[in-house]
Every structure is written in structure tokens, then in C-alpha cells.
Amino acid sequence: MKNIQKILPLYFVAGTQDCRHLGENLSENLLFVLKQALEGGITCFQFRDKGKFSLEHTPSAQKALAINCRDLCREYGVPFIVDDNVDLALEIEADGIHVGQSDMPVQEIRAKTDKPLIIGWSVNRLDEAKIGENLAEIDYFGIGPIFPTQSKENPKPTLGMAFIQTLRNAGITKPLVAIGGVKLAHVKTLREFGADGVAVITAITHADNVQAATKALREASDEYAK
């Protein structure tokens, strides 16, 4: 059985669009940041490469980058998750896939492979969580956005940190990772409210020292581990 809680304490999400401030070589930018984040102690990485500043419109380059990211994660023993793109995830044998409410149904994803694929599901409302709680195919929920975020186009309404507590009080038992504008100062409260971890983008990609920032986030999350 997969120990999902073990991979959620510090869940890093990124694509080339999140690293364009580092220079023109989009692929190298992401690989550089990812390596530093792995050195700093991330417990999971989600390849989320989408939008007009990404490699979304050059699939061959995007696939090559995804494979490089996967291989780098494997060097560190860190799970590699693909966002939304089920075909890519299966083709390159990613460790998991993360999908939203309007993406491919989780039952269909699970039916596509007999391998122990990790499946994450985005949740923005209590009723969504209650539905997902009863779906055995789902391994964890990505709850957000907790705070306003510029990393996602047309984000859903912000939830606030107390929403994690609301879910736990409502009987939601699946592993939860909080995402959306999460910073170091929020980690303690989110963990205390019942999150199994935090998912971050800019808290790592825009850090002056990626490895040090990652280490601080990991230590803060581990300090309040259950």
C-alpha cells in the first residue's frame, strides 16, 4: 500500500512558465531549480507545464523535459507527478497524475494502467471533498487555492487556511495537501489544521536561494508532522 502521507510534506509544483525570470533557456531553468529543490528536501514534484509561457505548444520538447525531470527525481528517490496530461504520465511512466474536477475521471485513469499510479484530485469545495472521499481511486486531495495566487490562470475562489480544518471536522480522512499562495509563515498553521503537507510554486521558484528556502519549508512542515 502506498504511504501517501510520506510524500506530501513538501510538494513542489512547477513548469517552465514558473522559471522564465531566470533566463531564456526554459528547460535548463526548470532543471536547475528542481535540482536545488531536491537538494533542499522536497518530498514530491509535480510537473505542471502549461500556459503561454510554457512548452505546451512544443510537445516533443515538453516530453523531453518531463523525462529529464522524472530522471532527476528518481536520482533522489522523490515521486514524479504529472499534472493533467494522463497520456504523458503513462507514456513516460510517471509515478502519478494530478487532475482537476473537469479533467479525465479518476476511474478512467485507474483503468488505463495496472501499475500503482498515484492519483491526486483538486478540491475547492466541501461537497467535492465528500464525493472524492468515497472514490477509492483517489490517493490524496490538493486543496486550494488557500490564498490568492498568480501561478494559475483563472483561479477558483480562495479558501483560507481554516478550510483545511473544516474538511477534517466534516470527516474527510484522505490525505490533504494545501496549495495556492502558501508561504513559509503559513506552514505551521496548515499542518496544525490537518494538512498532511503544503504544495508550493513561487515560494521555491522565486527564492533568492532555492535550496535554503526549500530546506526551511521542509523543516517547518516536518516539525508539525503527525
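Including glycine, each Cβ sits where the backbone N, Cα and C put it.
Note that the coordinates shown come from a computational prediction; the quantities given were computed from them, not determined experimentally.
Its own atom aside, the Cβ of R48 (4-amino-2-methyl-5-(diphosphooxymethyl)pyrimidine binding site) has 23 Cβ atoms within 10 angstroms in the protein chains shown. Annotated 4-amino-2-methyl-5-(diphosphooxymethyl)pyrimidine binding site per Swiss-Prot: Q46, F47, R48, D49, K50, D83, S122, K152, in sequence order.
According to Swiss-Prot, the Mg(2+) binding site annotation covers D84, D103. DSSP assigns D84 (Mg(2+) binding site) to coil in the three-state reduction, outside any helix or strand.
Taking CA atoms as the reference points, F47 (4-amino-2-methyl-5-(diphosphooxymethyl)pyrimidine binding site) and D103 (Mg(2+) binding site) are 16 Å apart.
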